[in-house]
C-alpha cells in the first residue's frame, strides 16, 4: 500500500514538471506581455474614467466662446478633431500649433493690406503739409499758409481720430471678452480643482480670481486707456497748433499709463504665483496624509479604496488639464486677433512717419511717430491683460498638478 502511494506521488511530480517546463521557458516573454497589458489596461481605465467625468462637466461656456471665434475668424483657425475643443485637447492634444501660428500671420498681413488706405491718406496729407510749409514764404501773408496748414491738420486729425476710436474699441472689446470668459469658466475650473483634491487652492482661487479679473479690467478701462487716449489727443493738438506744444505732457501721460500697467502686472503675477504655489503644496500634503490613513487604518479594503481614489483623482486631473489648456487657447486667440489688428495700425503710423521724414521735419510727421508709440501702448495693454489671465490659468493647472505630484 505504501509503495503504491509512493508511485502515485512520483508520477504526479513528473507530470507537474513536464507541464511547468514550457511555462518556465516562456516566462520572460509572458512577463513582458502581462506588464504591457497591465499598463495598457490602466491607461484605458484612466482614459475611460476621465471621459466619464468630462461627460458630467458643463463646458458650455468654453465651447460657446470657441464657436464664436470660429464664426469670426474661421478662415484663420485650424480644424479641431472632435466634437468640441476640450474633447480635441483630451484625445488629440488640441488644434495644430503650426496651423494657429500660420493663421495669425495670415490675419496680420491681411490687416496690413486693409490698412493701406489709411497709409495712403497719411502719406498724401503729410506731403501736402510739407509742401505748404515750404511754400509758406511765397504767400503774400503768412496767415494764408498757416490757415492752409491748419486745414490739412484738421483733415489728418479727422482721419486719425476715426482710426483711434476703432482701435480703442477693438482693445476694449477684447479685454471685455477675456473678462467675461474668465468669469464664465471660473466655476468649472474651481470645481475641477476641488475634484482633483486641491481644496485649499480652490478656496483661495475662487475669491482671488474674481477680485483680480475685476481689478485688472477696471485699472485698464479707468486709468490706462484714459491716459493713453489723452496722450493721443495732446499729440493731435500739438500738430494743429505748433505754437503751443504739448508733446511733453503727452509723453508724461503715456509714461504714467505704462507705469500703472506694469504695476498691475507685477502685483497680479506676484500674488497669484506665491499664494497659488503654497496652496498646491498644502493640498499635496493633505492628500498624502489621507491616502496613508485610509490605506493603513481601514482594514481589508483600505488599500483598494486608496488606489481607487488615486485613479479618480488622476482622471480629474486629466479633465482639469484639458479644460485648462482649452481655456489657454481661447484666451490667447481672443486677445491675439484684436492685438494684431492694433499692431497693424501702429505699423502704418510708424511707417508713415519714417517714409515722410526726408521730406521735412514737420509737427504732423512728429505726431504720426508719437501716435505709433501710442498704438503700441494700446497693444501692450491688451497683451498684458491676456498675459495676466493666461498666467492665472497656468497657476490653476500648476496648483492641481503640484498637489497630485506631492501626494
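Cβ atoms here come from the backbone N, Cα and C positions, even for glycine.
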When TrEMBL marks a stretch as transmembrane segment, which of 116-135, 276-295, 296-315 is it?
116-135
Of 177-196, 357-376, which span is tagged transmembrane segment by TrEMBL?
177-196
Could you name the stretch, out of 147-165, 177-196, 208-232, 252-273, with the greatest number of CB pairs under 8 A to the transmembrane segment (322-340)?
177-196
Counting Cβ pairs under 8 Å that sit 6 or more residues apart, are there three or more between the transmembrane segment (377-404) and the transmembrane segment (147-165)?
no
